[in-house]
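For reference, the structure is listed below as structure tokens.
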Amino acid sequence: MSKSSSGDSKNTLYCSFCGKSQHEVRKLIAGPTVFICDECVELCMDIIREENKTTLVKSRDGVPTPRDIHAVLDDYVIGQHHAKRVLSVAVHNHYKRLAHGTKHNDVELAKSNILLVGPTGCGKTLLAQTLARIIDVPFTMADATTLTEAGYVREDVENIILKLLQAARLQRRAAQRGIVYIDEVDKISRKSDNPSITRDVSGEGVQQALLKIMEGTVASVPPQGGRKHPQQEFLQVDTSNILFICGGAFAGLDKIIAQRGKGTSIGFGADVRGPDERSTGDILREVEPEDLLKFGLIPEFIGRLPVVATLSDLDETALVEILTKPKNALVKQYQRLFEMEDVRLEFSDDALRTISHKAIQRKTGARGLRSIMESILLDPMFDLPGLSGVESILVNKEVVEGRAKPLYVHAERRGEQQAPGA
């Protein structure tokens, strides 16, 4: 049994694994002959989670089932069940195709790239990142607004493949099975329904440049990037088995879809329905290729993205869940940060709802939650390293609204008091 037997601390108990005393940890669990602290229990749980994740990835010839993929996505992404279902099936089929070969009895299995349509901050990027972790393949992101056709100033589309190769630590075979997420593809729509007379190198031109690498080609990739080193040896990367996921907010697409669904007749046969009361997410779910064409994507580009998953706006309830429920939830991250100072960070329910309401007002979705949290916790994070005796900090609705300072609870008095300088 881990006990000290000298001086005043003869009755002090210690963790049998890390050696910390009962005063240095929050909980110390006693067994028949040993003790284990809460920190070691958490470490054990992390190890078990990693083992479970490895087991998932190795199931069924290395291809997890759609249900398994969906379950892991649920751990990290709140809501968006329809999108997660579509993605789970698409990713499962893609890597099953690679595991069993693309050709069998003269039947060639074509690649199905994915288009994610949804407002800013609804989880598009997080979904793509989590999928790459589940399958355990290299992953890279690119911003479509920074791309241009080869030969023009800005970034060549081939640099996307270079980034993927770097993510794979220059292992070409691994890179050729990776996932590429291209964000803001709605920003490279052409400026009108008719083909432009002048060269559109950052809109339609980028769509044209992306076509070949998305469908499958052998790309010549400069290891040092760009074309400034003409003597360098180019790497040949086959993009046929790289899964491309494109995402964008597509602001205004819902209006195009709704307009298509409206009747144009007059008289007795007229469509007399009132304004569409459905949510934006429900309308987007009815998207058709013709709607994307009207929005400004070229037919060939639409054809390279046969799987379309639509995401909905996040409401206040969903944002509160995003703050608290996922394994890497923001509240958990900041609580861990404060634990490093031996301080417990607590949020009231109305504080969480107010934070979520602020994010909705800013129209930033889940992406805006971190900046709000940083603003709220700036003073405590500044003061805490120089203070002693603080046991916990409470954030309530008034703190989020800027009408009060966070409440500090001191260990010796166990009474609430405002932050220093309040």
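Cβ coordinates come from backbone N, Cα and C, glycine included.
Listed in Swiss-Prot for this protein:
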| type | residues | note |
| --- | --- | --- |
| BINDING | Cys15, Cys18, Cys37, Cys40 | Zn(2+) binding site |
| BINDING | Pro119, Thr120, Gly121, Cys122, Gly123, Lys124, Thr125, Leu126 | ATP binding site |
| DOMAIN | 3-56 | domain 'ClpX-type ZB' |
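The structure, with features from Swiss-Prot marked on it.
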| residue | record | CB count, 10 Å |
| --- | --- | --- |
| Cys18 | Zn(2+) binding site | 13 |
| Cys37 | Zn(2+) binding site | 24 |
| Cys40 | Zn(2+) binding site | 18 |
| Pro119 | ATP binding site | 21 |
| Thr120 | ATP binding site | 16 |
| Gly121 | ATP binding site | 23 |
| Cys122 | ATP binding site | 27 |
| Gly123 | ATP binding site | 27 |
| Lys124 | ATP binding site | 26 |
| Leu126 | ATP binding site | 20 |
Argmin Cα dist to Cys40 (Zn(2+) binding site) over the binding-site residues Thr120, Gly121, Thr125 returns Thr125
Three-state secondary structure of Lys124 (ATP binding site) from DSSP? helix
How many other Cβ atoms sit within 10 Å of the Cβ of Cys15 (Zn(2+) binding site)? 22
Cα proximity to Cys15 (Zn(2+) binding site), best match among binding-site residues Thr120, Gly121, Gly123, Thr125, Leu126: Leu126
Cys15, Cys18, Cys37, Cys40 excluded, remaining Cβ within 8 Å of their centroid (Zn(2+)): Ser16, Phe17, Gly19, Lys20, Val25, Leu28, Phe35, Ile36, Asp38, Glu39, Val41
Does DSSP give Cys15 (Zn(2+) binding site) helix, strand or coil? coil
Note down the number of other Cβ atoms within 10 Å of the Cβ of Thr125 (ATP binding site), including every protein chain shown. 16
Cys18 (Zn(2+) binding site) to Leu126 (ATP binding site), Cα to Cα, whole Å, comes out at 35
Cα of Pro119 (ATP binding site) to Cα of Cys37 (Zn(2+) binding site), in Å and rounded, measures 44
Which residues, same chain and not among Pro119, Thr120, Gly121, Cys122, Gly123, Lys124, Thr125, Leu126, have a CB within 8 angstroms of the centroid of the CB atoms at the recorded ATP site? Gly118, Gly247, Leu311, Gly365, Ala366, Arg367
